[in-house]
Amino acid sequence: MPEAAAPPLDAVRPLRKLYRSGDGRWLGGVARGLAGHLGLPVIWVRLIFVGLFTADGLGALLYGAFWFFVPLGIGGVDAERPPAAVTTDTSPDGRRRLVARKPDKGQIVALLAMVVVSMVFVGNVDLDGSTKAYVVPTLLVAAGVALVWRQADNARRARWMAVGRRRRTLTLARSAAGVLLVGAGVSGIFVLQGSAAHLGAVLQAALAVLVGIALLAGPYLVRMTQDLSEERLMRIRAQERAEVAAHVHDSVLHTLTLIQRNAERASEVRRLARAQERDLRVWLYKPEGTGKDEDEEPDTLAEAVRHSAAEIEDKHGVPIEVVVVGDCSLDDRLTAQMQAAREAMVNAAKYGGEGGAVQVFAEVEEEKVFVSVRDRGPGFDLDSVPDDRMGVRESIIGRMQRNGGTARLRAVPGGGTEVELVMERTATT
Amino acid sequence: MSDATEAGEPAEPTGSDEGGAGGRRVRVVLVDDHRMFRTGVQAEIGRTDITGVEVVGEAADVDQAVTVITAARPEVVLLDVHLPGGGGVEVLRRCSPLMADAGNPVRFLALSVSDAAEDVIGVIRGGARGYVTKTITGTDLVDSIFRVQEGDAVFSPRLAGFVLDAFASTDAPPVDEDLDRLTQREREVLRLIARGYAYKEIAKQLYISVKTVESHVSAVLRKLQLSNRHELTRWATARRLV
């Protein structure tokens, strides 16, 4: 996970804006957001809220206000929690997005606790009978408003997730439920006031006004949202174009300039062109790898093979074609195998490079990893090499044997040499 | 379009040349949106008297390609994967009646710089008889053209790797055992292709005839094209994330 490698959040956010935390929250993420903002442990903030709650429900009021007005954001995570906890996934187009999380147990418990406590609280508060009757309708209205307002949160989150993943029906149902709750609450209040007789007329009038407003403002609103989304799309496009231009300018144009300057040195031209090709391929076809520096230590087998091949290609100016089937993470034995493979590639590039590209094939199977390196050079006979030449014997065959694998060198029928390296995989992987 | 310079010239290719061996001729249409690339390929393979390949038409986008292919009825089309107007897959879709023609079928060989699995698998599933990368040498390309013309399949090492990868994942039970699995022998052949062996070398290695190697490769291609496994597409997409 690249997140793990990200610098601490505080370092990258010089401007600390208060957000509710979308991650690891119990209720609205207020406490976590505040904790992140103030640099306090979450549990303190939560305790303070609970403490304030006992003071005539001030805590609840505060919490509600925060919930209502502070926008939801990523982060606001306390210091000791690793930022990797933000669940992200990568969509087919390579963009990261947040994954919808199922509410965890803590969240449900917290919600239940809150409901129980507020019931008790409401029951205990000493109100005279007439006021008490308004409690239920008021709560209904509040719940409805909250339901609709929280929609904004979801819209925000939906933008982080792939567009259109959330079903529209759910949104509509939610809004409808909110409207219904508010309507019921308001009607309840009307009924309590004794003006139930006029309820029908009032509702009709309200409805008429609403329809009127919708008719007047509707087209305008639709137009506005369309314009807005269009503008956003254009902005995204422009941004992407700028990014592509920047990359092409930085790497491709520079390489082309270098090639023009070194035009008479064929090997240098080839080396530059191959390096640029590789770079561009990574950039175009593997969005995941864009952030990854080539100098970084590879941690999977496929990466290790490609990494070695790229280095040797650059150094010796011989094209190396790599085909990798499957992948797994590296352990000690596989690392040894990769070193042997690297040595084999160096040999192939040095002594067999004139015959054409060096071909590297690596396959990860259930129980073993197979690597073959072949060149189309003049061939190589192990027996004819004097014993004091330790290159092949030590760094390829010896290394494989010491780590419990096998190496085989052989002449290919059509010319050239092939090195086959087989290593058993450890049972745990 | 092409200025067919050949015009019944009697000069036959020297017998030693691989492509033109036996005096065979194959008519080819080049579909690629880069004029420079078309010119390059034309120069490399289009020396009819040497290579036996006659370029009878060129096209730069999907509509043009369909028109040219229908009019020229070549034996082989060199098809770029990325094309304006829907890409190589669209050309394959619209030319499918020509491919199915039993008497004089048009066969497609995909030719691409693309490294992405879904591009490659996409055109193969669309009916192309093979896939080679644009870095291929002129001789190898001519060789591939003849092989495709004979109804064979042409796998580059990379394509072989993709196929091995796609058929390796056994998490979902196959819908059709015959199609959704590769036999041991087919797998062996594919591995050798992925390791950079030519058909002749594979035949020697496995002590079988070149013809048998060809039939194994064709069988793999058929499985790839007909296989029901929907995870093939999913695999191709997921592959980018690895």
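Here the Cβ of each residue, glycine as well, is placed from N, Cα and C on the backbone.
Just so you know, TrEMBL annotations never went through curation; they're auto-generated.
Per TrEMBL, domain 'Phage shock protein PspC N-terminal' is recorded for A:16-71.
Marked as transmembrane segment by TrEMBL: A:43-70 (among others).
For A:106-125 (among others), the entry in TrEMBL reads transmembrane segment.
Long-range neighbours of the transmembrane segment (A:131-149) within the same chain, counting only residues 6 or more positions beyond its ends whose Cβ lies under 8 Å from a Cβ of the stretch, are 68, 122, 174-175, 177-189, 192. Taken from TrEMBL, the feature transmembrane segment covers A:131-149 (among others).
As annotated by TrEMBL, transmembrane segment applies to A:170-192 (among others). Distant neighbours of the transmembrane segment (A:170-192): 133-134, 136-148, 151, 154, 199, 202-203; these residues of the same chain sit at least 6 beyond its ends, with a Cβ under 8 Å from one of its Cβ atoms.
Packing against the transmembrane segment (A:198-222) from elsewhere in the chain are residues 187, 190-191: each is 6 or more residues past its ends and has a CB under 8 Å from a CB in it. Per TrEMBL, transmembrane segment is recorded for A:198-222 (among others).
The annotation domain 'Histidine kinase/HSP90-like ATPase' is assigned in TrEMBL to A:298-389.
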The domain 'Phage shock protein PspC N-terminal' (A:16-71) - residue tally per DSSP class, helix then strand then coil: 34 helix, 2 strand, 20 coil
